[in-house]
Amino acid sequence: MAQNKPVKKIVLAYSGGLDTSVILTWLKDTYGCEVIAFTADIGQKEELSGLEEKGIKTGASKVYIQDLRLEFARDFIFPAIQGNAIYEMRYLLGTSLARPLIAKAMVEVAEKEGADAFAHGATGKGNDQVRFELGVKSLAPEKTIIAPWRIWSFGGRSDLIEYAKSKGIPVPVTAEKPYSMDRNLMHISYEGGILEDPYKEPDEKMFLLTTSPEKAPDAPEYLELDFEEGNCVAINGKKMNPLEIMETLNTIAGKHGVGRVDIVENRLVGIKSRGVYETPGGTILFLAHRDLESITIDRDTQHHKDKLSIEFAELIYNGHWFSSRMKAVRAFITETQRYVSGTVRIKLYKGVCSVVGRKSQVSLYNPEMATFEKEELYNQKDAEGFINIYGLPAQETARLRKK
C-alpha cells in the first residue's frame, strides 16, 4: 500500500483550502517527511496572496506558486480547439485540460527539489485522480503517488474540520457552498450537492462568468476572429496572445450569456454525473474554428477528422494527454490545420453564438462551382454517370434479392 512505502520528500498539489491543508499536515504525520506545496495559477481568479505564508504555517517546507495561464491557453486549450475536442457532444473539457498541465509542472518541481513522491486531493470517485496520476506515471514513472482520500479514514468535511482544529490548522470561516466548483481560464464547472438532482434547475445566483440570457443586452454584438493554422490570433483586427484571447472572449461572451451547458456525463470510473458548465470564450472559439474548417479542409479529410475528434476528446477526458496514441492523434490534427487560416464573423445575442460569415485566402469554396445560376464549371449532365456507378451496389443488391 502507498502509505507503507517509504518516501523522503513529497510534492503536494495545494490550493490552501480545507482539504489540501489537512492533507499537508496528514502527510507530515503519516510519512514523517518534507512536504513541498505546489499551486498553479491557471486562471481560477482566487486570491493567491498569502497562500505561501499559509502553506509554510501549515507545515510545508516550501511553497511554489506558478503562473501557468499562458501555457495553459497556448499548449492545452488551443490544441483542444484545433482538434474540435468536445466530450459526448456537450463538454468542452475545461477541467480535463488543466490536470495534465498541473501534473507536468509538479513533475518539474519534483525533479528540481529531488522529491520522490506526489500527492493530490482528488477523491476516489472522480476523474481527476486518473488525470493527475496518469500524467505523473507518463512523465515520472519512478515516483510514488499518494492519494489520501483513498487511504485515510476521514468520512467527509466534518471529519476534516475536527482534524484541522486538533492540529491548529486555520479553518475557513466562509459558508460551504451547496455544490463544488472548479474554475480556470477555460471554464467554471459546478457539481454535487443541490445539483445531484438532474431535474432541478440551477439557481441563477450560482453562475459567475455568464449573464442570464434573459438579462443579456437587447442588441446583438458582432466579432471578427482571425485564425492562422487553426489558432485564433486576433479579435476585431487586434493581435493578441492566447491568454489575452481567452480573457477577452470570456468577458464578451459572458456578457451575452453565451457558454452555459447543463449535462449528465459518463465519468471514466463508470458513474453518471451531472455537471453544469460556463465556457463562454471556449464556446466561441470552438464554433468559429470548426466553421472555418468547413471552407479550408477537403471533405474526406474533414470527415475523418470529425470522427477522430471524438477519440481525441475521450483521450483528454480520460487523462491520456501524454500517451503515445495522443501524440499520434495530435500529429494528424496538426497536419490538418496547415490551411485553417482566415476570418470568422460571430454574432452574440442572448445566450446564442452564431457564425454569420467566414472567409479565407485559401478557401476551397468556389462560388462559380456552387451557384444555382448559369453554370460554367459544373456540367449537370455529368451527374448521371456518377449516380449510375455510385448507386450500382444498391441497385444490384435490390435486383438480386428480388429473384
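Every residue, even glycine, has its Cβ placed from backbone N, Cα and C.
Here Swiss-Prot flags ALA13, TYR14, SER15, GLY16, GLY17, LEU18, ASP19, THR20, SER21, ALA40, GLY121 as ATP binding site. Per Swiss-Prot, L-citrulline binding site is recorded for TYR91, SER96, ASN127, ARG131, SER180, SER189, GLU265, TYR277, and the stated evidence type is sequence analysis. Among the features that Swiss-Prot reports, L-aspartate binding site is placed at THR123, ASN127, ASP128, with the record citing sequence analysis.
Shown on the structure are the features that Swiss-Prot records.
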| residue | record | Cβ within 10 Å |
| --- | --- | --- |
| ALA13 | ATP binding site | 22 |
| SER15 | ATP binding site | 18 |
| GLY17 | ATP binding site | 13 |
| ASP19 | ATP binding site | 20 |
| SER21 | ATP binding site | 28 |
| GLY121 | ATP binding site | 22 |
| SER180 | L-citrulline binding site | 14 |
| SER189 | L-citrulline binding site | 20 |
| GLU265 | L-citrulline binding site | 17 |
| TYR277 | L-citrulline binding site | 26 |
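Other Cβ atoms within 10 Å of the Cβ of ASN127 (L-citrulline binding site), summed over all protein chains shown, number 21. ALA13 (ATP binding site) falls within a strand when secondary structure is assigned with DSSP. Sorting the binding-site residues SER96, THR123 by the number of other Cβ atoms within 10 Å puts SER96 first. Over all protein chains present, the Cβ of ARG131 (L-citrulline binding site) has 27 other Cβ atoms lying within 10 Å. A simple way to gauge crowding: the CB of ASP128 (L-aspartate binding site) has 19 other CB atoms within 10 angstroms, across all the protein chains here.
Long-range neighbours of TYR91 (L-citrulline binding site) (same chain, six or more residues apart, CB within less than 8 Å of its CB): VAL261, ILE263, GLU265, GLY275, TYR277, TYR317.
Other residues of the chain with a Cβ within 8 Å of the Cβ centroid of THR123, ASN127, ASP128, the L-aspartate site, are ALA122, LYS125, GLY126, GLN129, VAL130, ARG131. Taking only the Cα positions, the spacing between GLY121 (ATP binding site) and SER189 (L-citrulline binding site) is 17 angstrom.
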